[in-house]
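Engineer: After the structure tokens below, expect a handful of questions from me.
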Amino acid sequence: MQILLANPRGFCAGVDRAISIVENALAIYGAPIYVRHEVVHNRYVVDSLRKRGAIFIEQISEVPDGAILIFSAHGVSQAVRNEAKSRDLTVFDATCPLVTKVHMEVARASRRGEESILIGHAGHPEVEGTMGQYSNPEGGMYLVESPEDVWTLNVKNEGKLSFMTQTTLSVDDTSDVIDALRKRFPKIVGPRKDDICYATTNRQEAVRALAEQADVVLVVGSKNSSNSNRLAELAQRMGRTAFLIDDAADIQEAWVKEAACVGVTAGASAPDILVQNVIARLREFGGGEAVTLEGREENIVFEVPKELRVDVREVE
């Protein structure tokens, strides 16, 4: 059995930054550190940080006065930000800069009284945070998930209308929704640069290349990870059997027993150690040496807040 690895896969710059913010805060200030929502959607990462003293909460009211609070990589609404500001808290923002870019687009539309449409998945924390940047009652903020949603949507003024997207969506599905928006509202204005982030796009391109060669595709990522789910769905659309797994222990030998080639990738919030564990598990089932496919190089780095720019090893 051949083992192929997608390239790129795993951590993106936004996830790296968010985890570093929590790790550095723990090193500098000591436990406990409070984090609103899971800092990234990966069980292994969250459990590891929890063991080191991070406390994950959903409501600001759960945080005691004088504590350190970190916003997750998914971002928060302006209401949450204001609530935290009203408290005696030290706040660090781990929102991915590419999510912040979308927040700024929505806030700009709100200030102008223009209506905005967000393409995204209802209930996802990134969507809640992005929708929560809009506050102008003269305009309006709407959420759509599919072309069908677009055709039933009514707005106040089609001449002052813009759209944005969640950063972790399926590129293909989003393209279909954008096409519907442009047909339904010919004057709608989109972002100058695509809101779907580079890491989401690159990992979807990589899983396409992987699925062209593999019989079975394993996507390492947690069930609540939007970008990981999109990778598994894309492989399935290409006619491959695909499984979304948290770690190597999830793999059943029956999944790969008849496969000549198994492809492995990982969502943007999944650490490489989980991929290495999957490779080891597949080798127990008769797999050979893992081969990494050629792919797009990524060299983007997002800085942590200056107060947290410290070599953790020096603190420890």
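Every residue, even glycine, has its Cβ placed from backbone N, Cα and C.
Not my notes, these are from Swiss-Prot:
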type	residues	note
ACT_SITE	GLU126	active site, proton donor
BINDING	CYS12, CYS96, CYS197	[4Fe-4S] cluster binding site
BINDING	HIS41, HIS74, HIS124, SER225, SER226, ASN227, SER269	isopentenyl diphosphate binding site
BINDING	HIS41, HIS74, HIS124, THR167, SER225, SER226, ASN227, SER269	(2E)-4-hydroxy-3-methylbut-2-enyl diphosphate binding site
BINDING	HIS41, HIS74, HIS124, SER225, SER226, ASN227, SER269	dimethylallyl diphosphate binding site
Engineer: Roughly how many Å lie between the Cα atoms of HIS124 (isopentenyl diphosphate binding site) and CYS96 ([4Fe-4S] cluster binding site), rounded to a whole value?
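Structural biologist: Rounded to a whole number, the Cα-Cα distance is 15 Å.
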Engineer: Show, in sequence order, which residues other than HIS41, HIS74, HIS124, SER225, SER226, ASN227, SER269 on the same chain lie with their Cβ within 8 Å of the centre of the Cβ atoms of the isopentenyl diphosphate site.
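Structural biologist: Close Cβ neighbours, site residues excluded: VAL40, GLU126, THR168, ASN224, SER228, GLY267, ALA268.
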Engineer: Long-range same-chain neighbours of HIS41 (isopentenyl diphosphate binding site), Cβ under 8 Å, sequence gap at least 6?
Structural biologist: HIS74, GLY221, SER222, ASN224, SER225, SER226, SER228, SER269
Engineer: Take the mean position of the Cβ atoms of CYS12, CYS96, CYS197, the recorded [4Fe-4S] cluster site. Which other residues of that chain put their Cβ within 8 Å of it?
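Structural biologist: So the additional residues around the site are ALA13, GLY14, VAL15, ALA73, PRO97, LEU98, VAL99, THR167, THR168, TYR198, ALA199, THR200, ALA268.
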Engineer: Look up THR167 ((2E)-4-hydroxy-3-methylbut-2-enyl diphosphate binding site) in the DSSP assignment and report helix, strand or coil.
Structural biologist: coil
Engineer: Where the distance is taken from Cα to Cα, which of the binding-site residues CYS12, THR167, ASN227 turns out closest to GLU126 (active site, proton donor)?
Structural biologist: THR167
Engineer: Would you mind sorting out which of CYS12, CYS96, THR167 (the binding-site residues) have a C-alpha within 10 A of the one on ASN227 (isopentenyl diphosphate binding site)?
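Structural biologist: THR167, listed in sequence order.
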Engineer: With every protein chain in view, what's the tally of Cβ atoms within 10 Å of the Cβ of CYS96 ([4Fe-4S] cluster binding site), excluding that atom itself?
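Structural biologist: Its Cβ shell of radius 10 Å holds 26 other Cβ atoms.
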Engineer: Max Cα-Cα distance in Å among HIS41, HIS74, HIS124, SER225, SER226, ASN227, SER269, the residues listed as binding isopentenyl diphosphate?
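Structural biologist: Across HIS41, HIS74, HIS124, SER225, SER226, ASN227, SER269, the two farthest Cα atoms sit 15 Å apart.
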Engineer: Return the residues near CYS197 ([4Fe-4S] cluster binding site), defined as same-chain residues 6+ apart in sequence whose C-beta is under 8 angstroms from its C-beta, sorted by sequence, else 'none'.
Structural biologist: CYS12, GLY14, CYS96, LEU98, THR167, THR168
Engineer: Around SER226 (isopentenyl diphosphate binding site), how many other CB atoms lie within 10 A of its CB?
Structural biologist: 24
